[in-house]
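**Student:** Below is a structure I'd like to ask you about.
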Amino acid sequence: MVKVKSKKNSLTSSLDNKIVDLIYRLLEEKTLDRKRSLRQESQGEEGENNEGEEDEDIFESMFFAKDLTAGEIFTFCLTKDLSLQRVKKVVLQKTIDRMLKDVIESELEEFGSYPGYNNEEEEKPSLEEELAKKNMMIERDTNEMNKRITSTWSKSGSVSESITETDDPKTEEVKKSKKRSKEGTCKVKRQKIKEDRSPPNSSLKSLGGMDDVVAQLMELIGLPILHPEIFLSTGVEPPRGVLLHGPPGCGKTSIANALAGELQVPFISISAPSVVSGMSGESEKKIRDLFDEARSLAPCLVFFDEIDAITPKRDGGAQREMERRIVAQLLTSMDELTMEKTNGKPVIIIGATNRPDSLDAALRRAGRFDREICLNVPNEVSRLHILKKMSDNLKIDGAIDFAKLAKLTPGFVGADLKALVTAAGTCAIKRIFQTYANIKSTPTTATDSSEDNMEIDETANGDESSLKNTANMIDPLPLSVVQQFIRNYPEPLSGEQLSLLSIKYEDFLKALPTIQPTAKREGFATVPDVTWANVGALQRVRLELNMAIVQPIKRPELYEKVGISAPGGVLLWGPPGCGKTLLAKAVANESRANFISIKGPELLNKYVGESERSIRQVFTRARASVPCVIFFDELDALVPRRDTSLSESSSRVVNTLLTELDGLNDRRGIFVIGATNRPDMIDPAMLRPGRLDKSLFIELPNTEEKLDIIKTLTKSHGTPLSSDVDFEEIIRNEKCNNFSGADLAALVRESSVLALKRKFFQSEEIQSVLDNDLDKEFEDLSVGVSGEEIIVTMSDFRSALRKIKPSVSDKDRLKYDRLNKKMGLTEEMKDAEEMKQ
């Protein structure tokens, strides 16, 4: 139909626009009905449709507004737009009459010259006249119907038969009109987008460091998918589901896609939150449709990513009734995936989650998710294989020491290593920008001084780069470099020019400080940067920690030969500031194990059960990061002695930690270090063998140890010392009695501050400077002074000694000595000293 264009510029009301649109819609439906009836007549007479005749007689099938009645439009408008029912009837009638006349006038202007259009205007009755006539017809029809019914009472025939036999032309016309309206309405049915269920392009060969997981998946999934006849002949039901769990970024989604690509079977990947719908029952229908599609594509794999979003625990964990229904529907659908109902073709479900404990217990039983596979944080060997696999398609220049990179990336998961490779590639790309930009420094002029501020002097880059932090090496390039490069090379680079672009080992080292591991973002620390070189003295304690933790991680086979398989626990206790936390960090670094540092009070929560959940979460994360060292600082706040005065919540926290340390859960590869100043306040059950069985007393350093500590501090901090500094004289000073390692660090720091004051503020004029001018005074005094001229002298140390006071008094030292004798550790210390000698 050629749509009639109306003069919509003359319309001033939204109601007018709405009525005109509905009139055109009615005309389209009438035209479609007439075309359909003409086509049926022509097929009955000639057997085929003659398109040429349709073009010649186009006006025969077109329905015009002059053929409509106001009453017909009134009924159609109320049926199609329910909002018009709120409009007053009189206003609607007048609007329809006015708009119908406008449309007829538009038709007359456009089609009046065509011979097929009958331009003889018939006088149209108004809508009020039509409604009055219709009411009269209804009243007359009612009277006639009553007369017919009363006339049949004297006859033997039934009333229903008599009524059925009557042929009311008005009723038939209404039925035909409704039928044509239904047929002529062009209903646009929303078609579902057919998703691609073909196997992914990836394969298991592209994955590295996951050999154990791949072997389990091929046994549980690959064998039933490729050879279901083995299970059918033996009558063994193959597994219906496998649950993959582990920290974010460890490769759960990647291995599911790679497995489907390796097996070359249809793969239905679903993001679990996409199943949830706002309408009641729609979410369950989506799950049923997904499983019906899976059965039609069998054998196939169905992958639910983040499945914990739709399967929470129903015992209070599910907040709404809809979540309970979704869990129940998923359980029912998985139970129906038997070999009999899938025609001997298995359908296996793979679920992925970061929180397996939040899933409903019914989902984790046998027959649903039969097996659970934990994807741990990769160790050093796994990281080496992952880096090699990720670098297969990279253009690498020279030999890259991936083994060293694997050592430098403890706590990194696959996603973190991918980010490292990408950042290294970014460094290489920026290098070619700087190489081809060829920017040279030019003299500064008054007109281009603003541009010169952005230019780079390549000759100075070598000296300046050594002073910058490597974390800033991959900062965005200056705009002038990019502009100059684009100006010099507007066309794509040639192959010869691109041959210089490659990724070097230095690019990886530059990119490494910029990558923050996922574990550190979630609040779990990785391996610290403290080594034994940063620890002064404490030789006896270092030896014990090396035998208890470092060597079992580095060389576990030696301990297994003598029957030692369970990891040990160590309690470090002593006065504050003696290096307990520093020792724990150094142990984690030396063993190259993952490190989780927990401040005792931070796990405590005022809500019931939250503290226990936090403890379980720490050990769950540690199991996924084996080998791992958990360091509990201020342990006495977390596990106080249980007695009648202890609250019930604190007792539950102690019990939870005790069961995690030596309960039914496997603690293989998890080493625990506790630190406290008050070992007498810790519950005795924590100190029994199997938990924190080794207690090491970190006492105040003696004279030789103090000398070693202060030398280590000045060396590690890079403190510039004068030749007259005599550390032995400083240590022998009576004011250094009872000094701990923290006190000695404060002494070195205070002496450095005094050296700065002596260099910058030699006079007392600074006291008269106003507060708001203090920064300016400092800048004026520091002009022309370099850092190399600042030297810490012996007088600075003597002045600092007068300010620093020991953190442990004589009374506190005697208390710790008595506590050491009370715990019976003196003999152990003597034995350790003899072993050292």
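A Cβ is built for glycine as well, from the same backbone N, Cα and C atoms used for every other residue.
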**Student:** Out of Ser42, Ser177, report back the residue that Swiss-Prot marks as phosphoserine.
**Tutor:** Ser42
**Student:** I'm trying to understand the geometry here, so how far is the Cα atom of Lys580 (ATP binding site) from the Cα atom of Ser42 (phosphoserine), in Å to the nearest whole number?
**Tutor:** 99
**Student:** Round to the nearest Å and give the CA-to-CA distance linking Lys252 (ATP binding site) with Ser42 (phosphoserine).
**Tutor:** 64
**Student:** For Pro576 (ATP binding site), which DSSP three-state class applies?
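**Tutor:** Note: Pro576 (ATP binding site) is coil by DSSP, not helix or strand.
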**Student:** About how far apart, in whole Å, are the alpha carbons (Cα) of Cys578 (ATP binding site) and Ser42 (phosphoserine)?
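**Tutor:** Taking the Cα atoms only, Cys578 (ATP binding site) lies 104 Å from Ser42 (phosphoserine).
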**Student:** When you measure from the Cβ of Gly246 (ATP binding site), which residues in the chain that are at least 6 apart have a Cβ under 8 Å away?
**Tutor:** Lys252, Asn354, Cys374, Leu375, Asn376, Val377, Ala624
**Student:** Hey, how far is Pro248 (ATP binding site) from Ser42 (phosphoserine), Cα to Cα, in Å?
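**Tutor:** Pro248 (ATP binding site) to Ser42 (phosphoserine), Cα-Cα distance: 68 Å.
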**Student:** Would you count the other CB atoms within 10 A of the CB of Gly574 (ATP binding site), including those on all shown protein chains?
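**Tutor:** There are 23 such Cβ atoms around Gly574 (ATP binding site).
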